[in-house]
């Protein structure tokens, strides 16, 4: 890592501990900015990794990168997620101590992606076997399933985790992953029934509608359009361009099969997902008494089938409430508001419990089989905590209160473990430990969780007490109980100036990361998370195996009131702290650079906000309270030994002594460093920077000398090598040329001899003496024929064959002609074929009989020589339904005097018409036409012959007309 210190002006320092002005938040953020602009998204605070989401693919997660960090000392390579993963893994293997990696940050900062990258690193770099590969696949494939059911699009992140997740990965003595276990925390169930504008429900709903097969959707009673479902339109954001629900659906289905779901379990699970959508579409109307009645019977039928309950029972459970008073069950009807609450409560309960069942199902598939055998405790565990970061919104409710309480606990644990780790290292090295002043947030944790006086206890008390408890009575109780606490404030307790920023239904907590104002509306309902007894009874009778497993009948007989949500969360958080305290921790702090999810954009205000809420400055201050830099003697000596003539090029004594000589030569002052048992501790970064700058100068000096010596040696060796190579190549090439020339001469002599001998025996039957000559002659003819084949059917040329190939030549000529004719015919279009057919007819009629026939052959036939627009409309009107088949302008010659008259000759299906402008001069029926005559000269005359008996004809039997294209007639 030290090798990058020389570029610190451009890319900043790789470890914030080395910042000169480590107390300055501006210097901290500027270092982040420098590295972010250079696409260096990872920076250390000692052993803590700070990660900035780049919102683009940096191509730093390939298998080559994994191998680069595999088994390498933490500080020998640049900061990376893989360095944290590998360091934890090596500690687990070598020290046999359980490890955990805590990943925290705001929504959209990259926590989920970091978890996936770490799991991928272990999947690639850990030892493998068939069983191990199965576990690896299930560990990796659990992510898309949990993301589908537990993640959603929010304003800050398109794939925001709406639950906390702690995953244990178990490793055997070989270091191979052999099992796993997942704990989930505080699923945001309220999202099932309500989403803010611009946000979506959980991914699985949209994936099912978009990617589900038509047959599956038909069985579930669903349509592909998410706008049809009330629970999916609250945020008015059903479709998002950056999310491909169809592809994600395929990934989820594949993942379900990998983690051991059979077809029936998948069908049951999707039936529950579909039932939530149908439940959201259940509508109510008030009767005359104001009681709620179900108006959507179709939805009840679907729900009854999907959940495996009776429709009438479910309908009644949705509009009635059962209470037990003095041992008797009393049923009261619900009004519209209460019925809607009951419906939404059922939807949240069904989805929330199904999610817990899903996590348990995944845990069964990940369970370490070695636990059934003796000695299973030899397996070590590495935990991954992907949990919500500190949240401050414009309106903060019960969920943000729980999340921020969780972050307070994690911060408390983080500071305690960091101080403990520092103190242990100092003591092991024999360095005096100096007490570090830091903000102890135990006072805030106690404010939230203290028995009887904490906020959670007061909230539970309000939820459980008889009487009319409301959110405002809870706030009043808070004001009464913790009014003197320095980290608690309400509108009533605030001064005149502060009251302007606090509503009467709000309270403010001063967290370690800053002030957060919470609105108490909904605190009691969300903490109670009540589901009416009759709805529980209905679900307990379900024939859906999953629902039946989620709603146990023991709940109905258990008279103990179930724990509230806040208490459950507090207890599960307490257990999580115990788990984390039992392990060696590593930390990854994720930062979101901007709210627009744009690559390259660095929002300083937003980042300062996150640096504060993540407690990074406090962490840096604790880490820098003593010595900024510490390294083992061997590593320090190896890097800087060239700065002292006594240690360069090698030091033969103990590394401790070598470092003592080296620091004395470098002029370190006594207050700047301490010598531990195995490490040197340097207090100030400037001391290290001065040493690093001196090393750079020394490197340049040594490099210049080495380069000068090396150049002379290199070019001398290169010259000798090239000389030897040239001589070797020359001798080899001369030999090769001589051998080739001799072989060519020998071949030429043998070829000529065989050719002459073949010529002598050319008229003999084929034998060994003439076969070469005959083959050559045949080959020459065939190659000549190949080059001079006729190009078309009219080309009659053909090469003269040798006597032995006359018969073959004739056959080939016939085949060639047939092929050309076949090819020509194949290319003829129907129109051209018609032309040729007409040409054949014309040829039979006029060839050799008409002098100017040869000149007419190239000219094409056309359908008519007069367009409709050239014929007088009156003529067309007279013709009526008679269709003109052919029309041509002609010159008619009178029988007396042969006076030429311009006419139009029209041929219809029944007769010939001779037209003069708008008048039909003559009609000749085809039945009266006895013939047509033409002369044998080069003229355009033809004569129509009609019967003389036809009294209707006004002309003699022989009429002469001038026709330019007689062959058409």
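Cβ from N, Cα, C; glycine included.
Keep in mind that TrEMBL annotations are predicted by a computer and have not been checked by a curator.
Because the structure is a prediction, the values reported are computed rather than measured.
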For the record in TrEMBL, which of the ranges 573-595, 596-618, 619-641 is the region 'Actin-binding' one? 573-595
107, 112 as binding-site residues, winner by CB count within 10 A: 112
I want the residues beyond 105, 106, 107, 108, 109, 110, 111, 112 whose C-beta is within 8 angstroms of the mean position of the ATP site's C-beta atoms, in chain order. 53, 157, 160, 389, 590, 592
For a three-state summary based on DSSP, what are the helix, strand and coil counts in the domain 'TH1' (850-969)? 20 helix, 49 strand, 51 coil
Long-range neighbours only, meaning 6 or more apart in sequence with Cβ under 8 Å: which ones does residue 110 (ATP binding site) have? 51, 53, 590, 592
Same-chain residues at least 6 apart in sequence whose Cβ lies under 8 Å from residue 105 (ATP binding site): 51, 111, 389, 589, 590, 591, 592, 610, 614
Near residue 106 (ATP binding site), which residues of its own chain have a C-beta under 8 A away, given they sit six or more steps off in sequence? 156, 389, 390, 391, 590, 591, 592, 610, 613
Other C-beta atoms within 10 angstroms of the C-beta of residue 109 (ATP binding site) total 24
Residues near residue 108 (ATP binding site) in space but at least six apart in sequence (CB under 8 A): 53, 154, 156, 157, 160, 592, 595, 597
